[in-house]
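**Q** Got these off Swiss-Prot a minute ago, pasting:
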type    : residues                                                   : note
BINDING : Leu9, Asp84, Val87, Ser112, Ile113, Leu169, Ala210, His235 : S-adenosyl-L-methionine binding site
Amino acid sequence: MLTFIGLGLFDEYDISLKGLEAVKEADLVYAEFYTSCLMGTNPEKMEKLYGKKVHLLSREDVEQHPDWLDNARDKKVAFLTGGDTMVSTTHVDLRLRAEKLGIETRLIHGASITSAVSGLTGLQNYRFGKSASIPYPYESRRGTKVISETPYDTIKQNSSFGLHTLVFLDIDKDKGFMSVNIALKLLLEVESKRGEGVMDRAVAVGIARAGSEKPVVKAGYAEDLKGFDFGKPLHILVVPGKLHFLEAEALVKLADGPEEIMENIE
């Protein structure tokens with residue numbers, strides 16, 4: 001049996017009671033934190049709460065050589081992930097691999113950043129369009145900096161339908177956790193290059209450390225927000241589309257947004 005367990009958003013205490021019981025009953029416990037991680041804890045704290053050794057897996061262990069799956073043929077194996085366990089396509093692929101090997105699987109869900117963002121900002125979850133991810137720039141063969149324009153295009157498309165865009169920020173082994181500030185600067189660089197009016201007067205909302213006791217939620221114009229101090233990671237970004245009057249009020253009251261956004265409402 002292979003049980004996928006979502007750990008929630010921030011620390012070891014975000015796990016559900018059902019998830020905690022499954023971990024305690026498991027013969028082996030594995031975890032991966034390269035798709036998402038819990039910034040308020042570490043493996044040692046998890047092991048103390050769970051009473052079990054947590055074996056950390058690399059990207060290669062999960063995606064290329066998941067030999068550890070064989071243990072689930074005749075043992076109870078728990079696989080831990082940040083957030084909700086099936087939001088990442090990596091985990092869907094892993095589940096399908098297990099099923100093809102004849103291994104029974106089950107899911108125990110956890111809190112997801114996609115629902116937490118709606119709760120923290122007041123933006124209605126059914127008004128979100130396609131999400132986007134901003135990677136760090138890379139250097140071309142000619143030595144020039146290459147910035148992905150795909151997130152800009154996604155925001156543009158969603159905005160044309162009045163929809164909000166949830167923007168995931170890169171987690172890089174060498175460069176670390178991308179901040180809201182870097183993400184906005186990259187989007188504004190693309191705006192400067194293309195001049196299509198997507199980001200120059202756009203309202204954005206930055207969220208830091210969702211799930212913690214003191215998350216930061218700040219709304220403002222992208223140009224202004226890029227200088228705001230969001231503090232430690234993890235960060236995530238939202239670029240709202242057309243605002244319902246309750247959403248606009250929430251951004252002003254709950255995210256310290258500018259009063260002018262009350263004018264851009266349905």
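Cβ coordinates are placed from backbone N, Cα and C, and glycine is handled just like the others.
The model shown is predicted, which means the values in this text are computed figures rather than measured ones.
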**Q** Determine the C-alpha span of the S-adenosyl-L-methionine site listed in the record, that is the greatest distance between any two of Leu9, Asp84, Val87, Ser112, Ile113, Leu169, Ala210, His235, in Å to the nearest whole number.
**A** 17
**Q** What number of additional C-beta atoms lies within 10 angstroms of the C-beta atom of Leu169 (S-adenosyl-L-methionine binding site)?
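**A** Other Cβ atoms within 10 Å of Leu169 (S-adenosyl-L-methionine binding site): 22.
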**Q** Let me know the DSSP-derived helix, strand or coil state of Ser112 (S-adenosyl-L-methionine binding site), please.
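**A** It is coil.
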**Q** Indicate the candidate from Leu9, Val87, Ile113, Ala210 with the smallest number of other Cβ atoms within 10 Å of its Cβ, considering only these binding-site residues.
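**A** Each of the binding-site residues Leu9, Val87, Ile113, Ala210 was scored; lowest Cβ tally within 10 Å is Val87.
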